[in-house]
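One structure is given below, encoded as structure tokens.
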Amino acid sequence: MSLRDDLTINERDPLLSSFDQRQEYNTSNNTYKVNNNSNEPSVLTLYNSDELGTSQRSSYQKFVRRSQEFKMQHREFLAEFIGTLILVLLTCGFCAEQTLNIEKSKSWLTSSLGSGLSVLIGICVAGHVSGGHLNPAITIAFWVFSGFPIRKVPMYITAQLLGAFSGAALLYSIVEPAISQFDHGKRQILGELGTAGIFGTYPPLYVGTGSAVASEVVGTAMLLLVVMVTGHPNNLPFRTAQGAMIALGVTTISLCIGYTSGFSLNPARDFGPRLFTAVAGWGIDVFTVHHYYALVPMFAPILGGLAGGFIYTVFID
């Protein structure tokens with residue numbers, strides 16, 4: 001989308017008006033700059049102001065026009081990317097606070113509240129543009145049960161994965177000194193000095209794979225129920241506050257059954273940060289530890305999302 005043709009240059013951007021506010025210094029379209037330093041000879045600098053101003057205006061207009069066109073062509077991708085980046089940055093930030101807290105006053109309540117608030121802020125950022133999926137499980141369930149265009153599915157999931165990876169990288173750039181202070185510069189996945197859990201989700205060692213899968217499937221199914229129910233056109237009391245209701249749902253699910261799996265419900269939220277840790281010093285073992293547990297948050301939420309969408313479509317809608 002191009003800029004409106006009926007706007008003048010100064011109306012489009014007040015910054016450009018500065019080119020037109022120097023006329024009092026111009027004589028016959030030429031501008032003279034005089035060095036008034038009494039200790040040095042006067043120096044006259046001559047340049048054609050109209051040519052310079054026109055060139056800069058033209059370059060700036062082209063940049064703005066191309067930026068606007070790029071944004072309009074990819075606005076849903078950008079919204080999902082930025083929304084997921086914020087979600088992961090804040091969610092993992094809460095995990096970092098819990099892991100690196102020298103007081104050792106860890107609380108699952110704090111982690112659960114952090115997850116819910118992070119989802120709320122991510123939806124606030126992206127919801128009005130892309131719908132605020134921020135989760136491949138939601139995107140796939142919407143495609144299967146709600147008529148979401150299949151051509152957009154790969155684009156949404158790609159944006160979510162890239163946003164999650166970027167959010168983890170941004171957080172690492174902030175908390176890296178604290179991590180190095182905590183683990184003495186030796187990156188560990190699990191154990192007392194393990195820090196990979198800041199980014200990826202890891203269940204307690206005593207939890208079996210079956211229990212973790214059940215937690216992710218049931219939790220994501222309930223999340224999809226909340227998303228679809230609060231988004232129904234006839235559910236006005238909750239539709240107007242859908243973002244807050246989804247955030248409350250995430251917090252509640254986390255408090256009730258999230259601890260057994262490390263709580264993901266979102267393949268992008270786990271895979272993006274896990275991939276980052278693999279290249280940032282923790283090594284490829286982040287994908288193989290705990291009997292290849294990385295496969296659970298990668299695929300179980302998708303199954304849960306489909307189950308939740310099926311239950312809503314068949315029994316509720």
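Counting starts with 1 at the first residue shown.
Glycine residues also receive a Cβ, built from the backbone N, Cα and C atoms like all the rest.
Swiss-Prot assigns HIS74 and LYS106 to topological domains bearing different names, which places them on different sides of the membrane. The stretch that Swiss-Prot tags with transmembrane segment, taken from the ranges 275-295, 296-316, is 296-316.
Among the ranges 46-66, 109-129, the stretch that Swiss-Prot annotates as transmembrane segment is 109-129. Counting C-beta pairs under 8 angstroms (sequence separation of 6 or more), the transmembrane segment (209-229) reaches the transmembrane segment (243-263) with 3 or more such pairs.
By the count of Cβ pairs under 8 Å, the stretch nearest in packing to the transmembrane segment (155-175) among 76-96, 109-129, 243-263 is 76-96.
Break the topological domain 'Cytoplasmic' (230-242) down by DSSP state and the numbers are 6 helix, 0 strand, 7 coil. Listed by sequence, the residues of this chain that lie at least six past the ends of the transmembrane segment (76-96) yet keep a Cβ under 8 A from its Cβ atoms are 110-111, 114-115, 117-119, 121-123, 125-127, 129-130, 132-134, 152, 155-156, 158-160, 162-164, 166-168, 170-171, 174-175, 178-179, 197-199, 268-269, 272-273.
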